[in-house]
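As given in TrEMBL:
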type	residues	note
DOMAIN	45-392	domain 'SAM-dependent MTase RsmB/NOP-type'
BINDING	Cys154, Ala155, Ala156, Pro157, Gly158, Ser159, Lys160, Asp178, Asp225	S-adenosyl-L-methionine binding site
ACT_SITE	Cys278	active site, nucleophile
REGION	405-454	region 'Disordered'
COMPBIAS	413-427	compositional bias 'Polar residues'
Amino acid sequence: MEELGIEEKKQKNEKYGYTPKKENLVMKEFYQRQLGITDEDFEAFWEIAKQPLPIAFRVNPTQQNYQIVISKLSSSLYETENFKLKCIPWYPNSLVWEANSHKTELRKVPSVKAFHTFLLNANDCGLVTRQELVSMIPPLVLDIHPNQTVLDICAAPGSKTAQIIEIMQGEGLVVANDVDKNRAYMLIHQLHRSNTSCMVVVNHPAQNFPMIGEGNFKFDRVLCDVPCTGDGAIRKLPLKWKEWNVKEGYAIHGLQIDILIRAIELCKVGGLVCYSTCSLNPIENEAVVNEVYKRFQGTLEIQNLPEILEEKCPGLAFRRGLKTWKVFGNARKKEQYRFIEYKNIEELAGQNTAIKASAFPVDIPEEIINTVRIMPHDQNSGGFYIALFRKTAEKLISVQPHIEAPQPVEEATQPTEEASQPPSEASQPLVDASQPLSEAPQPVEEAKNPQKKQKWRDVIKGENFLPLSEDSEEYQNLLSCYGIETLPLSQLFTASSKKKNFYYVSSHITDFLALDSSKKLKIFNMGVVAFTKNREKESKSNCMHRPMQDALPFVSKFITKRKVICQNVSLLGRLVNEPYIEYDSIEEESVKEGLQDYGYYVLHFERINEDVVVLKISEWKVVPIIPVEHINSLKIRYDFQSS
């Protein structure tokens, strides 16, 4: 799971010209002794870890006519003599691309301005998602299909959740959970770009995620991308060079175990659970897998990931999981030693330490080599670890929630191994304050505007999502204005007593909510806003609500009134580029006839299967109600140039 809270530090550092020193001799020695690779192999890893990460992004296949974007990327449209794009061969359907440039270069090199502008606009409107390549692997190996139920138990910032929604083609149920309210806000923003009716965002500690339907509801797939120390992502998180220390892995190890246990409990028998981290540390990876596998005692199978990856991601470079690893503690006399190695938990008797018995490589199953580690230098990527489980029977594990971070590791008084290199400033342990060691919610920063802060807190607190009543004035008005009789009423909800917005959700969400009769779920958001309240002065009509642009892919098929069919795509080009259209300038007579009355309409462009919302505000003026993000999406896909 990507570390959060780092981006703000990076921006501040860039503003004042500070670049962290890319060296940490303690970290270097730790992995030299931990990974079991040759000196030559390690040096290759260490050198590329100091290089910035290339930019990677994924095209969203749920967007209408997304193939146009792939064609543009394939045509060398944005390439220069030194700037190149390549399609990633191991990701299916030519959806993932990588640039031979990193983030800083992209912002500063004038010759790639056209691509930079494209990438910013395409990312903002959801045509593409910027995401690290290795981070895209877990949703692929989960073998997700449309109409399944999927839980992303530690979902923020949401790039993997968006990928899951794309794979499911917007059909089924995706529950995205995060414990932190600020990160849940980021999650909602990210998934808004995905524009789906099958998503629910909830706020719970992952290790205590509630059982739904008295424990009878289970998910087909669970993604368990847990909080971690994040050293595998050091190429994009350069502050890690300064902040890394050996204590962090032990401090978060117990929480990772508890979250994985809960993920497995929430999965159906026969279902799959994917455990992943962006850490290279075996304490956070193989040690967690080993402990959980043993606790479930024969009701869990470790799947053969190397075999699965060779089939699903041919050409992807990976290494098998480790069968053994070392447990290190900080040595007290750092002028002579960096680490002391502990052979078993008995050596720590009587010490105040975060190291648990589960950290030691004891009774390791042979199947652990079927987990995988992605090394950055094998394919110029970030570092990552992945394990895949299939649940074969039910077994509940009693878990004590980790409310506070464990105590730090005590420095050893009797070191037994001499460090191979002298200490440096980097060897001093620094706890990373940007990533909580427990899943306790972090305080919200003081907002500059107290009123805005209060407004956001109201949103965070939220209200129950309530189904729209058939005999309500609002629903009857929707029927009268838009003729949505075929839209299932059970899939329309409101989140406010004021009934400002009406949400459209998939039938899977309706069924899921019905099971939560005791209201255990803390729901922040769900589905897509289908209709929003009109401002009377604007609409000059008797319609109380208007359709929302983002919801048209889902609700347009139900709208039979105030919907006008257009054949001339050039009209869409004008709506995209002009602030308003003169009514008399519309060429299609059938369109003019359809726009006789004041108010909001849906224009459906039949040839390209696109819908937009417009507002007729006078006898001669038609105004497009198209968000700027959607305007950019239309411009990218159809080359609507400003006149």
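Here the Cβ of each residue, glycine as well, is placed from N, Cα and C on the backbone.
Heads up, TrEMBL stuff is auto-annotated, nobody curated it.
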(request) Give me the Cα-Cα distance between Ala156 (S-adenosyl-L-methionine binding site) and Cys278 (active site, nucleophile), rounded to a whole Å. (result) 14
(message) Using the alpha carbons only, what distance in Å do you get between Asp225 (S-adenosyl-L-methionine binding site) and Cys278 (active site, nucleophile) once rounded?
(response) 9
(request) Determine, to the nearest whole angstrom, how far the Cα atom of Cys278 (active site, nucleophile) is from the Cα atom of Lys160 (S-adenosyl-L-methionine binding site). (result) 13
(request) Can you tell me how spread out the S-adenosyl-L-methionine site is, meaning the largest CA to CA distance among Cys154, Ala155, Ala156, Pro157, Gly158, Ser159, Lys160, Asp178, Asp225, in Å? (result) 13
(message) Using a 10 Å radius around its CB, how many other CB atoms surround Cys154 (S-adenosyl-L-methionine binding site)?
(response) 25
(message) Are there any residues at least 6 positions away along the chain from Lys160 (S-adenosyl-L-methionine binding site) with a Cβ closer than 8 Å to its Cβ? List them or say none.
(response) Gln131, Ser135, Met136, Pro138, Pro139, Asp152, Leu223, Asp225
(request) Note the mean pLDDT of the domain 'SAM-dependent MTase RsmB/NOP-type' (45-392), expressed as a whole number. (result) 94
(message) Give me the long-range Cβ neighbours of Gly158 (S-adenosyl-L-methionine binding site): same chain, 6+ apart, Cβ under 8 Å, in sequence order.
(response) Ala176, Met186, Leu187, His189, Gln190, Leu191
